[in-house]
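A.B. asks: So TrEMBL lists these for the protein:
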- A:25-46: transmembrane segment (TRANSMEM)
- A:52-75: transmembrane segment (TRANSMEM)
- A:87-107: transmembrane segment (TRANSMEM)
- A:139-354: domain 'ABC transmembrane type-1' (DOMAIN)
- A:146-166: transmembrane segment (TRANSMEM)
- A:178-202: transmembrane segment (TRANSMEM)
- A:214-232: transmembrane segment (TRANSMEM)
- A:264-285: transmembrane segment (TRANSMEM)
- A:332-354: transmembrane segment (TRANSMEM)
């Protein structure tokens, strides 16, 4: 208001005068440079830090300077608007930094052992002084455990989603829906402990002369617990997107409901369901904690998920990271690179598939 | 998104009127109705008789069983964890809830959850304090500031951040991030040691601060993606009304977007809290694993329930396993409460539900 009053005295109202004054870009940049310069002078002058502090203080000085200058030219409200805009942009930059660092380290440290030996051999008979050793057994373990888990979780999850969308009414269905959501938040270590106390310590002794047995299958069960809610949720969302007239058309032709679901609803929603399953698989492949607790973590190649210990890529990374051998870190980073590659390829493929899916548009 | 539920209820009435065969009993059998309760419905003389154990009932039964499986699993988790935890807690010679050491493998087991529960809550809270403002900033950027050409790939990158396995973040935190954090801790200690949380005289690095920062990076995408969805659903009318009244962009966000999204943001933060509480491997690799209740966040130290399970599992005997399962039970209970509260908030606002992944 005060701004308007001040301007109004004796000024002819031409379009140039009505428009509010804007802070020129050059001034904006000038404040930024000045802020950084003052910060550098303060930090290096008093010797209280390095370039990181210069940047942080520079941003603070820039914000203060912007507040003062823009407050003079544009008024306090616009100045505050500018400040928040700067902060929001800064938050974005701040979030991209760690990701860039992770990707850079993964690639630069991961290529050290990216050779045939790494993918063709296991850690059997590899001592602390051996530079060889690979992750073949771990890759086998990951593929088998995730595969078995998918075989169990997908039918169960899709059927559960069918219940929620097609049959579920009333309080019970709402309870199930609520706990599916709650179940997505169960920590992976708790799923591992559950399978440990249920399968490894109580059920597996029945098949193994009374001694508990760690196995890849136990890890699959734990991964199933983690995958199930994700699959139910994504499938449920997809089934809901199937247009009602498709179902009604089928019913009008006298097709029973179960056949309608299997032959009309599911095929229509299939691309979306596959996307959800791939995301769940990607998440399960990266889980370490449950495998650590129930798979046994053998160092040799074991194709049988039901007998004897197995490892997995994530567990292999963890084991190698804790290994004292000077060759272990390189193995850990290469395994991490492999794991991230698998997970990211699955995730990106799933997202691209979702984008092509006509249903969710 | 918002009109999904209504379209769904249309579908359901259609399916009820469909060929479920509920009303066709007696029709077409050629026999006069045995009771007055269900008279034959005219017309369909050729309609097949409803089979009592046909595919329809079987398929429905299967899907109901699959749906019920979720409840069964959650109840089973509680039952089996309790069944293994109770003997261990019985064997404990100290108070499980208040004792602050962990010696479950000795002949006279002594262990308590106090340090672990404290460490879990401390790391999670610091992680959230760091992550939530940044996550909200990114969410606002993606929903209201960024041009669409930038928002789509950046949102994609944030989603990828969520897909990176926690063991990779743990490895990165330990091998790469520890050094800057150590320097930063030294700097904090040099100038701010009069604040108790930055006190102590080293060594620094493998500390609560490192664990919390790694955790913050991992929580970030969850809070971001849910808040972004919520901010996006702000009614356009509210935004335009605010702008038409002369608001600046920030004032529009403060008066229209943030109040509308508040319950969703609270739920997003609680989901992030749930993930932070349960995070295992990244913390097992970055915390100092020390049994000691201390608010000092930069000295080597820190522990959490999940990290302790991962670290101590290898050497655990039977009581030791029971003790770890007991601590897992506590973790399960905490995360269950946090998650249920978050979901309850989301469910109260129906329009948020479909986007709350």
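Cβ atoms are placed via backbone N, Cα and C, with glycine included.
Bear in mind that TrEMBL entries carry predicted annotations, made automatically and left uncurated.
Help me see these features in their spatial surroundings.
C.D. replies: With a cut-off of 8 Å between Cβ atoms, the residues of this chain six or more beyond the transmembrane segment (A:52-75) that come close are 3, 20-23, 27-28, 31-32, 34-36, 38-40, 42-44, 82-83, 86-87, 90.
Residues 173, 176-177, 180, 216-217, 219-221, 223-224, 227-233, 235-236, 239-240, 257, 261, 265-266, 273, 277, 280-281, 284-285, 305 of the same chain lie 6+ residues outside the transmembrane segment (A:146-166) yet bring a C-beta within less than 8 angstroms of a C-beta in it.
Proximity of distant same-chain residues to the transmembrane segment (A:178-202), defined by a Cβ-Cβ separation under 8 Å and at least 6 residues beyond the stretch ends, is recorded for 160, 164, 212-215, 218-219, 221-223, 225-226, 228-230, 232-233, 236, 287-294.
Note on the transmembrane segment (A:264-285): residues 142, 146, 149-150, 153-154, 157-158, 162, 166, 223, 226-227, 230-231, 233-235, 237-239, 241-242, 246-247, 249-250, 255, 313-314, 339, 342-344, 346-347, 349-351, 353-354, 356-357, 359-360 of its chain, located 6 or more positions outside it, place their CB under 8 angstroms from a CB of the stretch.
Outside the transmembrane segment (A:332-354), and at least 6 residues removed from its termini, the chain residues within Cβ reach (under 8 Å) are 105-107, 109-114, 118, 135, 138-139, 142, 271-272, 274-276, 278-279, 281-282, 285-286, 313-314, 316-317, 320-321, 323, 360.
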